[in-house]
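J.: Dumping what TrEMBL says about this protein:
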{"type": "ACT_SITE", "residues": "ASP323", "note": "active site, 4-aspartylphosphate intermediate"}
{"type": "BINDING", "residues": "ASP323, LYS324, THR325, GLU418, PHE445, LYS468, ARG499, THR579, GLY580, ASP581, ARG668, LYS674, ASN698, ASP699", "note": "ATP binding site"}
{"type": "BINDING", "residues": "ASP323, THR325, ASP695, ASP699", "note": "Mg(2+) binding site"}
{"type": "DOMAIN", "residues": "10-64", "note": "domain 'P-type ATPase N-terminal'"}
{"type": "DOMAIN", "residues": "97-158", "note": "domain 'P-type ATPase A'"}
{"type": "DOMAIN", "residues": "721-974", "note": "domain 'P-type ATPase C-terminal'"}
{"type": "TRANSMEM", "residues": "40-55", "note": "transmembrane segment"}
{"type": "TRANSMEM", "residues": "61-77", "note": "transmembrane segment"}
{"type": "TRANSMEM", "residues": "250-275", "note": "transmembrane segment"}
{"type": "TRANSMEM", "residues": "737-758", "note": "transmembrane segment"}
{"type": "TRANSMEM", "residues": "835-857", "note": "transmembrane segment"}
{"type": "TRANSMEM", "residues": "869-892", "note": "transmembrane segment"}
{"type": "TRANSMEM", "residues": "904-928", "note": "transmembrane segment"}
{"type": "TRANSMEM", "residues": "934-960", "note": "transmembrane segment"}
Amino acid sequence: RFPQHGHYVPQKFADNRIISSKYTVWNFVPKNLFEQFRRVANFYFLIIFLVQLMIDTPTSPITSGLPLFFVITVTAIKQGYEDWLRHKADNEVNGAPVYVVRSGGLVKTRSKNIRVGDIVRVAKDETFPVDLVLLSSDRVDGSCHVTTASLDGETNLKTHVAVPETAVLQSVANLDKLVAVIECQQPEADLYRYHLFWTPWKIFVNETKMALNYKSKSQKRSAVEKYVYFLISFLLVEMLLSKGREGNCFILRFISDFLAFLVLYNFIIPISLYVTVEMQKFLGSFFIGWDLDLYHEETNQRAQVNTSDLNEELGQVEYVFTDKTGTLTENEMQFRECSINGIKYQEVNGKLTPEGFSEDSPDGNMHSLMKEEELFLKAVCLCHTVQINADQTDGADGPWHANGIASPLEYYASSPDEKALVEAAKPFIFLEYNYIYELLHVLEFDPNRRRMSVIVESPSGEKLLFTKGAESSILPRSKSGEIDKTRVHVDEFALKGLRTLCVAYRRFTPEEYQEIGKRLHEARTALQQREERLADVFNFIERDLELLGATGVEDKLQEKVQETIEALRLAGIKVWVLTGDKHETAVSVSLSCGHFHRTMNILELVQHKSDSTCAEQLRHSLSKRIKEDHVIQHGLVVDGTSLSLALREHEKLFMEVCKNCSAVLCCRMAPLQKAKVVRLLKTSPEKPITLAIGDGANDVSMIQEAHVGIGIMGKEGRQAVRNSDYAIARFKFLSKLLFVHGHFYYIRIATLVQYFFYKNVCFITPQFLYQFFCLFSQQTLYDSVYLTLYNICFTSLPVLIYSLFEQHVHPHVLQSKPVLYRDISKNAHLGYKPFLYWTILGFFHAFIFFYGSYLLMGEDTSLLGNGQMFGNWTFGTLVFTVMVITVTMKMALETHFWTWINHFVTWGSIVFYFIFSLFYGGIIWPFLHTQDMYFVFVQLLSSGSAWFAIILIVVACLFLDVVKKVLYRHLQPTSTEKAQVMLCFYIQLHQYKSPVCCFFEVYSVEIFPILM
């Protein structure tokens, strides 16, 4: 409700609609065309087409216009389909049913229809459709427990309490009559801070925080597309060389000839290259979804591809930025070990067993608890903020069935550690004792104290303080107990990757408790410096403790997380963990998942409040230690506050420290800070390829910022999946995605692009050489039909099938030997060396095509049976025939993985060329202006000398290439080529196992580990 004053103009707010798509029905055509013609190559081909329409050129406008229309259409269909999938996912969220209070009752509507000021009813286990302020709940005290899993991935329960004025409004009718205003701060990106001021009788709500943490969706482009731009420059060079022979001419004539040669040589980078690349990316992306190794059976989820334009980037990743909760871990805690009064216990099948005793030994079970053990378990059971499901306590029998058997209780906790400890201690203390303790005070946890406490009154009236927290905050405050032994046990727990907590207690005399109660009341009712005064009182209370013991809880990692991170490290990929978790929790998980090694020197940049202290530690502490201890590996821990200070004025120094560390952990990170870190690495001078992976809405900005964004289909909503380029069900699938699919995609697309350039250098260079014999008159060497169909029909299918099915190494070898990923890192196959090889090879073959045909079919040679000599069209057809056979055979030499489809398109392309040429040259076509090719191909094949020339030239071209491959494999083999040889050797041993049985038994043991 808004006050109806004449001077008041209600503020306009955005609606609640979620949009992760790029296009709409109305803007798809203009926006998609704009996006496509932003590409240099597409714009270039459009210019070529317009030039052919405006001036007299050697070729028809159809040769450029038709392929351009085809590639624009195919790309539009592909991008439209991918955007339709995003629309579909958005509609599922926007159309989710919600209940709002309107007109005195609950009205069912859709999530997208919620407006600022609506009162929304959210039931148990439902997702919040928008940022909300708690007005009331079904609890008497107005409290509720929520998880922020869809925001930051955390499944811990957070307790929220309604203000007293609205907590009493339990009915819909009362809520509908509410007239109030919520005055709040302007929207900001920080998820963990929100200032609210309650003013009676008014209400409105702010815009969503997650919207402020989202980045606008941008078009991501791969390195291959940039590489094609470089190849276009070659066309201009060759065209300028042709014009250089023209001599003096008028300006208009020069421009006309310039454009004519531009059209004549544009085939060196054909539009069909883009068609083939788009088809390869689109069709190749289906292999990810079809891969059963990326299928998660428990959740029935397959990997999905949202953007197929980045397939080859999966093979170039140098940095992986990963979230922690829900990505590396399951966020499920399990109690494993504890130390009580200096004795270590282990949890075995739900029983506490002292170390050194087996489960079946007579003393292995704690049937009767000693005083210290009882006190420790009571402390664990009492020192927490765990809540029990209200549905289980509201009935007449409470948590008991009618037959007297206790029903399993459902716990809700603000920390999964607390829940795990309470569930672990319940069987031991609940069955032995049935005492009621009164909770007097809760001393809440805060990151500075690193502990929490409760003050309780025992059945005997004794006042007790139970405290638990990090060992660094408990042990120094303990005055008695087995401190040294417990410290040793805590270190042992930490080495196993367990999350540790120390437990202590203190007894109060009546006078001490009266003084404590007075101080707590004064601090909690203070109007100024309340937090500082509470911290002083808490420190006063939590002293002179008696140590009881320590606990070890395991944060359950996802399956094979350690193996995956180690594989990424072997592949030369650096892993950064970016999380919103506390410092201690993040470090513990990093150690347990193998991100940090036990032998690694851990450096910290945390809890800095000023630029000077941050710069001092960066310059004199961290950087100096790295230089002095350059032999060992270093890991860096930095929190969000210190990161902001470091990036403000010391960005270069911070980046230098980070790059010298093997692993980096960033904790207490806001979503936009995650994206800023990714952008910092992405825009560094080295320009590394980055990958971000996460599962929560707080990871969306990071996912969108990285070159490649991957969403985890976890329990924390679908925001990350909707905004990602790829989505997988578990972190372990990342290794298969990068080492196998990424490796294959990169090799395939790199070979495809360079092979296309090679075969068009072979295609256009004879045309260039022919100009020296026709006085640069723009006379074409090939017929216009051959010019059009060379890249579309005669040579396109073999390379397309290669780019879809090629497996130069067995997938199992690639996944089991991550070091092979280094062979393709840093764009190794699209560098200047491979470019020079393919370019020189193309020119070498082109010169053999042209001059080989010229020498063998010299102008004075009579090759036809009737004594006729060849004409220019016969000569051009001979060159074209040799070229089609050679470039197709070259593709066959590059193929390692042969299927029936490869055989069909490779040999079928050559057969199709011969059949088409016979058909095309054997009929007089009435719609053609000239019949230059009539009977030319038949005459050519009728000459035995022509067949001899074809075979000789093809063998001459490919022989040196075969020799080069053999020499390089023997003299300078790469790791991948070594793996190929070993795999072939291993397969041969399997195939011929019977005759060389003894030989196989000796060597298979050595070979298999190499492959594994």
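Positions of Cβ are set from backbone N, Cα and C atoms, glycine also.
Just so you know, TrEMBL annotations never went through curation; they're auto-generated.
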J.: What residues elsewhere in the chain lie close to the transmembrane segment (737-758), defined as a C-beta under 8 angstroms and at least 6 residues from its ends?
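T.: Same-chain residues near the transmembrane segment (737-758) but 6 or more away: 224, 227-228, 231, 234, 268-270, 273, 276-277, 280-281, 284, 287-288, 291, 294, 303, 311-317, 567-568, 571, 573, 691, 710, 726, 728, 791, 799-800, 802-804, 806-809, 811, 814-815, 818, 820-821, 824, 829-830, 834-835, 838-839, 841-842, 887, 890-891, 894.
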J.: Taking the residues ASP323, LYS324, THR325, GLU418, PHE445, LYS468, ARG499, THR579, GLY580, ASP581, ARG668, LYS674, ASN698, ASP699, which the record names as binding ATP, find the longest CA to CA distance and state it in Å to the nearest whole number.
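T.: If we measure all Cα pairs in ASP323, LYS324, THR325, GLU418, PHE445, LYS468, ARG499, THR579, GLY580, ASP581, ARG668, LYS674, ASN698, ASP699, the largest is 32 Å.
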J.: Give me the non-local Cβ neighbours of PHE445 (ATP binding site): same chain, 6+ apart in sequence, Cβ-Cβ under 8 Å, ordered along the sequence.
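T.: Looking at Cβ-Cβ distances below 8 Å from PHE445 (ATP binding site), excluding near sequence neighbours, one finds ARG451, MET452, GLY469.
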J.: Recorded positions ASP323, THR325, ARG499, GLY580, ARG668: which have a Cα within 10 Å of ASP695 (Mg(2+) binding site)?
T.: ASP323, THR325
J.: Limited to the domain 'P-type ATPase N-terminal' (10-64), I'd like the whole-number average of pLDDT.
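T.: Result for the domain 'P-type ATPase N-terminal' (10-64): average pLDDT 77.
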J.: Given a separation of at least six residues and a C-beta threshold under 8 Å, show me what packs close to ARG499 (ATP binding site) in the same chain.
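T.: Non-local contacts for ARG499 (ATP binding site): MET333, ASP417, GLY552, VAL553, GLU554, ASP555, THR585, SER588.
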J.: Ten-angstrom check, please: count other Cβ atoms within 10 Å of the Cβ of ASP695 (Mg(2+) binding site), all chains counted.
T.: 31
J.: Whole-number answer please: how many Å between the C-alpha atoms of the residue listed as 'active site, 4-aspartylphosphate intermediate' and ARG668 (ATP binding site)?
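T.: Cα-Cα distance, the residue listed as 'active site, 4-aspartylphosphate intermediate' to ARG668 (ATP binding site): 11 Å.
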J.: At a 10 A cut-off on CB-CB distances, which of the binding-site residues THR325, ASN698 has the highest count?
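T.: For the binding-site residues THR325, ASN698, the Cβ with the most other Cβ atoms within 10 Å is ASN698.
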J.: Should anything in the same chain at least six residues away from the transmembrane segment (61-77) have a Cβ under 8 Å from its Cβ atoms, list it; otherwise answer none.
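T.: Sequence-distant neighbours of the transmembrane segment (61-77): 28, 32-33, 36, 42, 45-46, 48-49, 52-53, 263, 266, 270-272, 274-275, 278-279, 282, 784, 787-788, 792.
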J.: So which of the recorded positions is most packed in, judged by how many other Cβ atoms lie within 10 Å of its Cβ, out of ASP323, ASP699?
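T.: Sorting the candidates by Cβ neighbours within 10 Å, the top entry is ASP699.
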J.: Please list, for the domain 'P-type ATPase A' (97-158), how many residues fall into helix, strand and coil according to DSSP.
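T.: Going through the domain 'P-type ATPase A' (97-158) residue by residue, I get 7 helix, 25 strand, 30 coil.
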J.: Let's see if you can do this one: DSSP helix, strand and coil counts over the domain 'P-type ATPase N-terminal' (10-64), in that order.
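T.: Going through the domain 'P-type ATPase N-terminal' (10-64) residue by residue, I get 28 helix, 0 strand, 27 coil.
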J.: Among all protein chains shown, how many Cβ atoms are found within 10 Å of the Cβ of ARG668 (ATP binding site), not counting that one?
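T.: Here the count is 21.
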J.: Just to verify a number: CA distance, THR325 (ATP binding site) to ASP699 (Mg(2+) binding site), in angstrom, no decimals.
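T.: That separation, Cα to Cα, works out to 11 Å.
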